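Worksheet: the structure to be examined is printed underneath.
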Amino acid sequence: MKIAIYSTKSYDRKYIELINAKYNFDLEFFDFMLNESTVRLAEHCEVVCIFVNDNGSRKVLEKLAALGVKIVALRCAGFNNVDLKAAQELGIQVVRVPAYSPEAVAEHTIGLMMTLNRRIHRAYQRTREANFSLEGLIGFNMYGRTVGVIGTGKIGIAVMRILKGFGMNILAYDPFKNPVVEELGGQYVELDELYAKSHVITLHCPATPENYHLLNCEAFAKMKDGVMIVNTSRGSLIDTQAAIDALKQRKIGALGMDVYENERDLFFEDKSNEVIQDDIFRRLSSCHNVLLTGHQAFLTEEALTNIADVTLSNIYKLKSGKVCENIVLPS
């Protein structure tokens, strides 16, 4: 069976080929994204494997179906880039990797928090220039502060476990309550209360129509002055222009982002020799109290191994007629 694998980097290929030793699928790797222009390269493939920024729109799916593609395998947890209704109508099965390594994303989240709090990124640049001044590097003790965790799935819970060790007070919000939150000493509250009481707010929820621009100008207005916000989930959860305005007004004291709502044309590529055309992103990246990483929170050896393993296992189960627990259906 032939599989077209889009948006692959060297690290993807390494782990996928390693796991494929037990399946012997015929793999064809492409280092560019799936879109209306590149869909033709999936000809003669039964399966297309894609990542977070690939185009799974109705138009693309229609072209895939015409080529005979029967499975779209996402090697990520999110599936907002795939038109699930269209896939179902076209007879294309969609599978994903729901929990490849919650700890990987959680640990990166904490890394962003600590770097922003203790100004480590600024201190690093200073010491490289023999500037050992401590002016402007004052942080705060995490111990005793209040963190608001929005989204209490596996990643949110992994973040809570770490922050409990810091001695933080944990507030949580999620429409679907997880009993582990109380076991960790956390407390569920409504969003407005979480906004008002949290010194740090961290996002761990999916990109859905209901969550689009969850953090907007109205939400920022309800928060403490100087709040720290970290987003390692989906870029569309934050209204970026509203965040810039809140940074200028010092409502947001620090912002850590591993995702960006218009990241498709930026992330996963080397743009160092180009002029970034996204003015909003350029303004955001110019702020000294903003720390951006390029959607790397998942990037650990363990996560890459799990992603490859579950992705190929999903495909094998579907082609073998076995039950696959990771099928994604339209709501």
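Here the Cβ of each residue, glycine as well, is placed from N, Cα and C on the backbone.
Marked as NAD(+) binding site by Swiss-Prot: Lys154, Ile155, Thr232, Ser233, Arg234, Asp258, His295, Gln296, Ala297, Phe298. Look at Ala297 (NAD(+) binding site): DSSP puts it in coil. Cβ contacts within 10 Å of Ala297 (NAD(+) binding site), excluding its own Cβ and spanning all protein chains shown: 23.
There are 23 other Cβ atoms within 10 Å of the Cβ belonging to Arg234 (NAD(+) binding site). Feature annotation from Swiss-Prot assigns active site to Arg234 (among others); the stated evidence is similarity to another entry.
Cβ neighbours within 10 Å of Glu263 (active site), excluding its own Cβ and spanning all shown chains: 21. Under the three-state DSSP scheme, Glu263 (active site) falls in the helix class. Per Swiss-Prot, the feature active site maps to Glu263 (among others); the stated evidence is similarity to another entry.
A simple way to gauge crowding: the CB of His295 (NAD(+) binding site) has 21 other CB atoms within 10 angstroms, across all the protein chains here. Annotation source Swiss-Prot lists active site, proton donor at His295.
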Cβ neighbour count (within 10 Å, all chains shown) around Lys154 (NAD(+) binding site): 20
What are the sequence-distant neighbours of Thr232 (NAD(+) binding site), meaning same chain, six or more residues apart, C-beta distance under 8 angstroms? Val105, His108, Thr109, Leu112, Ile155, Thr202, Leu203, His204, Gly256, Asp258, Val259, Ala297
In angstrom units, rounded to an integer, how far apart are the Cα atoms of Arg234 (NAD(+) binding site) and Glu263 (active site)? 10
At the Cα level, what's the spacing in Å between Lys154 (NAD(+) binding site) and Glu263 (active site), rounded? 24
To the nearest whole angstrom, what is the C-alpha distance linking His295 (NAD(+) binding site) and Glu263 (active site)? 9
